[in-house]
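**Q** Got a structure for you, questions after.
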Amino acid sequence: MGILLDGKPVAKMIYAEIKEWLGNLQEKPPKLVLFCSEPDDSTKTYMNSIVKRGGKLGISVEICHAGENPVEEIKKLNESRDVAGVMIMHPLKNVDEKLVVSALSLEKDVEGRTPGNLGGIMTGDESFAPPTAEAVMEILRFYDVSLSGKDVTIVGRSTTVGKPLSMLMLKKGIDATVTICHSRTKNLVEKIKRANVLVSAVGRAGFITKEMVGKDSIIIDVGINLYDGKIVGDVDFEQVEPEVAAITPVPGGVGIVTTAILFRHFMVSSRRMVGRR
């Protein structure tokens with residue numbers, strides 16, 4: 001039976017940092033803005049969860065609906081001394097999302113989506129990494145999982161998980177050997193089975209089965225899928241969990257740590273802003 005890499009104590013640790021910072025503030029913290037355009041039901045649910053979490057922490061979260069000139073609206077948020085973080089809710093309907101994201105300042109890009117922040121991960125500059133990628137690293141650190149010299153296979157090549165996570169794992173001092181797989185990868189099962197650490201970010205329920213994993217492997221399940229009315233990951237948890245050394249659950253794993261990382265990024269951005277006031 002594998003060790004459960006539970007995300008709850010990791011998130012709790014991060015929220016404790018944030019609460020300590022808030023408790024020491026001499027003034028009201030800046031706002032977090034959720035910038036959206038005709039959000040669908042799943043996006044609304046996600047936005048509501050961020051608003052709720054902000055309320056629990058004592059952080060004001062404001063929803064801003066895109067108008068006729070979203071790029072100019074983002075630039076105004078960049079200049080606002082009352083806003084420390086902006087989340088651009090994907091997808092932005094009837095809007096050039098790349099243009100809007102590129103207009104956001106690096107300092108307020110708490111999701112690590114701007115070209116500047118993504119580039120900073122590659123060059124080793126201080127920047128905000130996409131929270132899901134950072135959440136994976138935070139879980140591994142919390143449970144003392146060393147990646148040095150380990151073979152890591154990441155299934156998924158998105159700019160929110162696969163690509164930035166590979167850069168974080170390749171950093172000097174982390175020193176993983178990383179393979180990124182995708183829909184065109186040949187011999188996928190072979191590459192997954194030989195991995196010391198597997199990260200699945202495919203978005204397909206039950207994609208990873210027990211036949212695909214090694215006995216001593218560590219499984220990080222980034223997937224969030226709705227299956228038979230339940231939230232499940234990419235990994236067939238019931239089958240795979242007894243076969244591996246350690247595994248993250250879904251829900252209760254990477255997802256809840258991702259939200260905590262978002263608010264940590266907001267805290268960092270707020271500290272910079274308050275220092276300039």
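Note: Cβ is positioned from N, Cα and C throughout, glycine not excepted.
Dumping what Swiss-Prot says about this protein:
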- G156, R157, S158, S183, I224: NADP(+) binding site (BINDING)
**Q** At its widest, how many Å does the recorded NADP(+) site span between Cα atoms of G156, R157, S158, S183, I224?
**A** 18
**Q** For a quick check of packing: other C-beta atoms within 10 Å of the C-beta of S183 (NADP(+) binding site), how many?
**A** 9
**Q** Other than its own, how many Cβ atoms are within 10 Å of the Cβ belonging to R157 (NADP(+) binding site)?
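**A** Result for R157 (NADP(+) binding site): 16 other Cβ atoms within 10 Å.
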**Q** Counting every protein chain present, what is the number of Cβ atoms, excluding its own, within 10 Å of the Cβ of I224 (NADP(+) binding site)?
**A** 19
